[in-house]
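TrEMBL lists 174-318 with the feature domain 'GAIN-B'. The feature domain 'G-protein coupled receptors family 2 profile 2' is assigned by TrEMBL to 322-578. Residues or ranges marked as transmembrane segment by TrEMBL: 328-351, 363-383, 403-427, 434-457, 480-503, 529-548, 554-577.
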């Protein structure tokens, strides 16, 4: 389709080099590698396989021009459609150029490089980037342009190279220079322009020991391009400004014009973390925010922060009532679960005398433990997110949160299976070691497998985390389905189990000795499942509703209430309302009083 492609030369050739082939039909050309040298690197080859090295341009003068600024490949690139496959190839081409031909970058080379980059930065083809296979292509382009432009040689102390969608400026500076500024006004789309300003304060310039150069590059559309493949909290609301500074200079002042100038739009100053490939709020602080522009103070670092912009914060439903419900509810939930586990420890010997009751309380303890750890992790995840700590900490918090919430449901599922075992497999007795091994495999093994697969599949594409929170992504990768589908499936299964219990008890007579006692135990367990399953189902049903209608305050409040009080429900319906547990607790208290009296 006329795209430019790169072929690596034979390893036997001395020196790192490549050659450009004009047509994809040229699949094999390794025989010519030995005869190519680095000077002929960007001489496109024409003809058919076997024709030998025919170069674009018949005379030596034109060849020398191509060697100097690789302008000979530009007509073919600009005539090729900017479809996803070609975009990927051109990004790779620009990366190769920045790695192999970044010495002595003069004006001609920078102009050619800018024209190639401009072709895939055009505002009319931004949507095509969403279909580029490499999700980090936008980040790769940014790094390549920054690396190449940093080597630009300045004529007479300054340089300016302007294209529609990429602009490069460079100046020589020294400690006696008054505050230096770079001013950009560029086309954002066919109807409007946006501006950006970069200022190096005088207090920074005095740190320079000698005359140095500063290069700045402006990208009006690159933020939108990165947004098509990245999952960041908010979208870019201004141009991206990159800067190459001497090591002595660390802080710069940036002024961004907003693309969306709505009054209720909040802005965030951010720097592009080139190692973690994401926008990072730690790189900048906001100095001023008004309806039309934002002033940021950012720290420059050669290895991490070289590019900066502003994000428009996502729509987050903030309400004081929600905050109070969540805090009070989580506190009550954690206290209730701790109390539940304490009661279980106290009455354990009294309530686990039969196999069925042992299995029931074993499941209940693991349900309470899973939710207790999940609630604590929920609090820690909020702290990690709010204090803008390391991205990997947020991933870790989300992984364990996902795991323990799933464990809660899979232990509920184990409880449902226990009911079916007691009712349907009357003559098949399972030993405690076998039960424990099976229960742990279901209760913790299944959630572990699902959690690992989810993070392994979505995190390499930066699609694991939700925008603006340490929780599973929904809008881009639907990673949240790895929680919703198992949870709701288990709820449906347990509802069916309760139905089986109702049908079974309806046909059973009440005075059948040992079988009657087992049936009585099954009915007690079924009551727990019958009460807890709808509550859990209702909770996460409203959780789904908040995703469908994220602006509905009633949905959010109801979900927050049910979610925060799950621990209290487990204490109430799993422990306090159980007759055998209450009797064991009363007996334990009386026994303690008798011991106290005897001691006196």
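Our numbering is plain: 1 for the first residue shown, then up by one each step along the chain.
Glycine is no exception: its Cβ is also placed from the backbone N, Cα and C atoms.
A TrEMBL annotation is a machine prediction, not a hand-curated record.
The stretch from 363-383, 403-427, 480-503 with the most CB pairs below 8 A to the transmembrane segment (434-457) is 403-427. Within the model, the domain 'G-protein coupled receptors family 2 profile 2' (322-578) shows a mean pLDDT value of 80, rounded to a whole number. Each residue of the domain 'GAIN-B' (174-318) gets a DSSP state, and the totals for helix, strand and coil are 15 helix, 69 strand, 61 coil.
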